[in-house]
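These notes are about the structure you will find just below.
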Amino acid sequence: MVLAAVLVLVLTTLGVLLVQRQARRARRAEASEQRGTAGTAGTTSVPTVPTRSVEGPAAADDVAGPTGAAARSDAELVAFLLALGGAMLDAGAPVVQVQDSLRRVAAVNGASAAETVILPTALVISSSQDGTTHTAAAGAGSRALRIDQVHGVLEVAEQAQRRQLTPNDGRARLAELLEVEPPYRPASRLVGYVGLAAGLALVLGGSFVDVLLAGALGAGVAAVQVGAGRWASVYQSLVVLGCAFGVACAALLLSRTGLQTSARVAMIAPLVTFLPGALLTTGAIDLATRHMVAGAARLAGGGMQLLLLALGITGAANLVGVPSAVLAGASGGQPQLVWPWVGVLLYGLGVCLHHCVRREAVGWILLVLLVAYAGQVVGGVFFGGAVSAFVGALAMTPVAMFAAARPAGPPMLVAILPAFWLLVPGALSLVGLTTVAGGQVQGLGTVVTAAATMVAISVGVLSGLAIGSGLGTTSDRLRALVGRRGVG
């Protein structure tokens, strides 16, 4: 296990360095060709003033000058910023990312003085132009987006920052993205959920029976999710509670029949997408970046989700006749040989199918998952406990940043979102919380460990962002130095 994890990390590092080296060579060759073309013109070339080219429909406004930019309706810009910010919050983006994106979009549209107030469930935008102030507010965070929708929303944000979209076109694109039907049929998404549940059971060290049971229960959960997909968000908590109760009842009843199975593995694997790992980790990132209200709200929402899961499992345990203390002490399973790595791949493919990931992003997501799990394994050997999640998050974040920088790569949030469910503190805290819900004090230790793991993941992501940004800055400086030497 450890050797395989180290091998994955080493091979990934070498692969990233190799691709970067090839990209630098291609850029150098292109720059040399451009310099050669300029040199052939000799003295007949006419000196020109360097200008910044702008792609897309906004280019006409640059040609028209400040008058064209001022002619754009400030109200339309504010409406677009509201729609974009709300969609990014629905996608689960940290507040600091939403705030930075909105400010950039406002700046390139001539509203650099725009102010934003962003919360997980609401946002306020204010912009002043020509002595007139436009202020608008809207609710947000009530929609659950698929990964393909998250991908599209982040693409719109990136294009808007480059002025490749006008505010009206951006709003139309967002409205279309949020209403688009899933690209895969319900049967295909159900098969994907079976795969991700079975894959996670392998990662958790489940036996062959555990894997089959997790897949079967996952099929039931997927059917409920697909059927309740169009319910109002107010009733989604009932889906979480009902699925937790049904899965726990089935797993505990089968374990009492003498079937050789791990109730913990059979319960956690089918409920994995209900575990609020991404929400809790994003909340911790908001706290770490001094967005206290947003961070506290997201942590409260994630804690409520965990309590709903714990309540469903505790109710099932009481109905079946299994004390919560016995449930908390249930063994989990021991990962063996290559099966956890097979489980990571199966889990990744299942996530991609169930959550409708775009095909060009599948390979990158699998790579990030493998690196995250490898980092967690290595961190567990050397540090143990919550620090293993820190190492996993630290290892996966630069890889996700590298993927986002590729022409066909997915946005960073899309690349790391499935990994949150793999590193998540939810798997640690779910069964421990059932003891708290059942009146047992022993579960408090698990809750503390889960909180430490959540903080470790958020700090790992932030550290990975710093490392990835530093590597990118160093690479840019080296390219600039090489370019200056070539010119000299």
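FYI, residue positions are counted from 1 along the chain as it appears here.
In case you wondered, yes, glycine gets a Cβ from its N, Cα and C as well.
Positions annotated as compositional bias 'Low complexity' by TrEMBL: 43-54.
The average pLDDT computed over the domain 'Threonine/serine exporter-like N-terminal' (80-319) stands at 86. Annotation comment: TrEMBL describes 80-319 as domain 'Threonine/serine exporter-like N-terminal'.
As annotated by TrEMBL, region 'Disordered' applies to 29-67.
Feature annotation from TrEMBL assigns transmembrane segment to 190-222 (among others). Long-range contacts of the transmembrane segment (190-222) within the same chain, counting only residues at least 6 positions beyond its ends with a Cβ under 8 Å from a Cβ of the stretch, are 184, 243, 246-247, 250-251, 254, 259-262, 264-266, 268-273, 332-336, 339-340, 342-355, 373, 422, 427.
Taken from TrEMBL, the feature transmembrane segment covers 234-254 (among others).
Annotation source TrEMBL lists transmembrane segment at 306-326 (among others).
Annotated transmembrane segment per TrEMBL: 338-357 (among others), in sequence order. Sequence-distant contacts of the transmembrane segment (338-357) (same chain, at least 6 residues past either end, Cβ-Cβ under 8 Å): 1, 4, 146-148, 151, 182-184, 188-205, 222, 273, 365-366, 369-370, 373, 410, 414, 418, 421-422.
Away from its own ends, the transmembrane segment (364-383) comes close to residues 1-2, 4-6, 8-9, 12, 203, 340-341, 344-345, 347-349, 351-352, 357, 389-396, 399-400, 403, 406, 409-410, 414-416, 418-419, 422-423 of its chain (Cβ-Cβ under 8 Å, at least six residues beyond either end). Per TrEMBL, transmembrane segment is recorded for 364-383 (among others).
The transmembrane segment annotation in TrEMBL covers 389-405 (among others).
Taken from TrEMBL, the feature transmembrane segment applies to 412-437 (among others).
The feature transmembrane segment is assigned by TrEMBL to 443-467 (among others).
Counting same-chain residues at least six beyond the ends of the transmembrane segment (389-405), those with a Cβ under 8 angstroms from any Cβ of the stretch are 9, 12, 16, 19-20, 364, 367-369, 371-376, 378-379, 382-383, 411-412, 415-416, 419, 422-423, 425, 453, 456-461, 463-465, 467-469, 471-472.
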